[in-house]
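One structure below.
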Amino acid sequence: MASSPLKRFLEKHKRLRTALLIVVLFGASMVIGDGVLTPAISVLSAVSGLQEANNKLTNGELVLLACVILVGLFALQHCGTHKVAFMFAPIVIIWLVSILSIGLYNIVHWNPKIVHALSPHYIIKFFNHTGKEGWISLGGVLLSITGTEAMFADLGHFTALSIRLAFALVIYPCLVVQYMGQAAFLSINPKSIPNSFYDSIPDKLFWPLCIIATLAAIVGSQAVITATFSIVKQCHALGCFPRVKVVHTSKHIYGQIYIPEINWILMILTLAVTVGFQDTTLIGNAYGLACMTVMFVTTFLMALVIIFVWQKSVILAVLFLLFFGFIEGVYLSAALMKVPLGGWAPLVLSAIFMFIMYIWHYGTRKKYNFDLHNKVSLKWLLGLGPSLGIVRVPGIGLIYSELATGVPAIFSHFVTNLPAFHKVLVFVCVKSVPVPYVSPEERFLIGRVCPRPYRMYRCIVRYGYKDIQRDDGDFENMLIQSIAEFIQMEAVEQPQFSSSESSSLDGRMAVMSTRPVQSSLSLIVSEQDFLSIDDSIQNSRSLTLQSLQSAYDDDNLHIRRRHVRFQLPSNPGMDPAVREELMDLIQAKEAGAAYIMGHSYVKARRTSSFLKKLAIDIGYSFLRKNCRGPAVALNIPHISLIEVGMIYYV
């Protein structure tokens with residue numbers, strides 16, 4: 001393949017990969033900065049029409065009104081887009097029809113010859129007459145195309161085809177006609193340049209247009225805010241953003257999410273920009289630079305997608321990059337001239353977010369590498385019983401780790417301090433893979449860690465970066481079902497591995513579909529919609545557990561829970577060893593599950609450089625302490641959680 005030499009070249013040079021990561025994080029940070037600037041300029045521009053209608057309004061009063069609207073906009077985000085989205089389509093359609101009508105009116109009324117401006121000839125003529133000033137003016141011209149850079153970040157709401165059709169057939173023609181109408185108006189009324197849009201509206205239509213413009217600004221801001229949530233969630237899934245709470249706000253539309261922490265941070269920053277600048281021109285300079293930077297970075301990364309993902313030739317990617325990169329580079333160079341006049345704002349915002357994301361990614365990778373180089377060997381695990389007198393207690397132990405193979409160091413730390421673990425052990429690894437979605441049939445990978453008598457398994461749960469990890473309380477049942485199916489499948493297809501003492505056991509995985517519990521071929525199930533307190537207490541093994549379970553149920557009576565019981569089918573032809581293993585699995589499930597996680601403290605080694613100590617001991621530690629814990633992010637019930645403290649010297 002043509003891309004192989006370039007791929008090998010990137011894999012060989014670590015600094016190039018780091019530079020590429022920084023470019024990606026910079027682009028993502030600019031999108032977040034766009035989420036700050038878009039509401040500010042949209043709402044402030046929309047309400048500026050009130051000053052045109054009422055000259056008594058001061059700039060301060062106008063900014064105060066914009067801030068009130070912005071606070072209301074961000075305060076309603078927790079309701080979810082789906083609860084107010086029924087108003088979005090009518091508002092946008094009315095807005096587009098309105099600007100199309102006003103544009104046509106201005107063209108016909110003021111200067112019908114303006115349609116000649118569609119000819120590319122006038123582009124050359126414009127630059128011949130204006131020279132450097134014309135080039136600098138491109139920084140303002142690009143504001144007419146802003147918003148397009150964030151459209152496809154919001155694919156959770158719409159399909160790619162619907163966005164393309166809406167933009168090409170509706171939005172783009174309406175915008176072109178509106179801008180031509182303003183040009184026709186200004187050709188006769190050049191003194192109205194500072195406020196050309198509202199001046200070009202007939203007096204009788206001013207107030208309706210002012211109201212619909214404000215509503216359209218809110219809708220546009222809402223779309224960019226939701227797109228920012230989507231970008232942050234995807235960065236988090238790929239290990240480049242601290243853990244945040246992701247709320248799925250719609251049961252029907254899969255991609256609609258809400259992130260409280262990001263919402264309030266965006267609100268504070270948007271209010272700061274609005275109050276700090278108080279001028280749409282300055283905010284427009286910042287907004288234009290942010291949008292153009294996102295477009296330029298996207299074009300660069302698209303060239304890499306053409307090579308590595310689509311497997312096309314390098315020549316095609318270079319031609320694509322040169323054509324679109326040149327056009328966007330001209331606009332970006334003009335936008336950079338506005339850095340002293342407000343353009344510094346998105347650079348500062350993106351630098352802050354990029355620093356946060358890079359520090360988090362750096363610390364996470366260092367922690368993972370520590371786990372990778374300090375994992376426990378299978379030989380040590382097989383010798384646990386005789387050396388330490390390990391006791392196997394009833395129940396299932398779910399040990400969470402980032403390792404896809406091997407035994408994590410936290411497990412050895414756990415058993416050396418408390419020489420007992422559960423009769424059935426499952427090493428669970430939750431992975432985010434670089435694809436948008438993972439189908440439920442391919443979500444679970446099941447394998448063995450030790451030979452059959454040890455009852456130790458590994459489960460890799462895979463999610464795409466757009467997948468939502470729902471808190472439906474059914475994870476344990478799906479896990480038991482998948483392990484049961486794996487046990488029967490292995491006995492039929494790979495009988496030599498189930499009893500082998502070879503270390504090659506760990507790493508052999510099979511994809512097990514997470515079908516509904518009722519469809520399991522390995523087990524018979526019975527369900528109860530509610531698990532009563534008396535039943536749960538009766539199943540507990542000790543008075544202490546009974547009191548804890550009773551107190552937990554008293555506090556959570558409002559939560560609807562489903563209790564699933566597994567039974568073995570009456571199959572005389574089943575292998576006795578398989579039946580015994582399945583019975584152990586069912587009994588362990590009935591005894592209860594415990595979730596074992598590492599409570600890690602990451603510190604830099606004494607011999608580390610000053611920058612590394614600064615990044616790990618201060619930056620990464622601060623982010624870990626102030627973001628959501630891994631147990632909360634993975635929806636692990638606190639009553640069943642066991643945390644093992646451990647210090648990582650990276």
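The backbone N, Cα and C atoms fix where each Cβ goes, and this holds for glycine too.
TrEMBL assigns the feature transmembrane segment to residues 135-153, out of the candidate ranges 21-39, 135-153, 629-647. Counting only same-chain residues 6+ beyond the ends of the transmembrane segment (165-185), those with a CB under 8 A from a CB of the stretch are 96-97, 99-100, 102-107, 109-112, 114-115, 117-118, 144, 148, 151, 192, 196-197, 199-200. Against the transmembrane segment (57-76), the recorded stretches 205-232, 253-275, 287-309, 316-337, 343-360 differ in Cβ pairs under 8 Å, and the greatest number is found for 253-275. The transmembrane segment (287-309) shares the most Cβ pairs under 8 Å with 316-337, out of the stretches 205-232, 253-275, 316-337, 343-360. Non-local neighbours of the transmembrane segment (316-337) in the same chain are 135-139, 141-142, 285, 288-289, 292-293, 295-296, 299-300, 302-304, 306-307, 343; each lies 6+ residues outside the stretch with a CB under 8 Å from one of its CB atoms.
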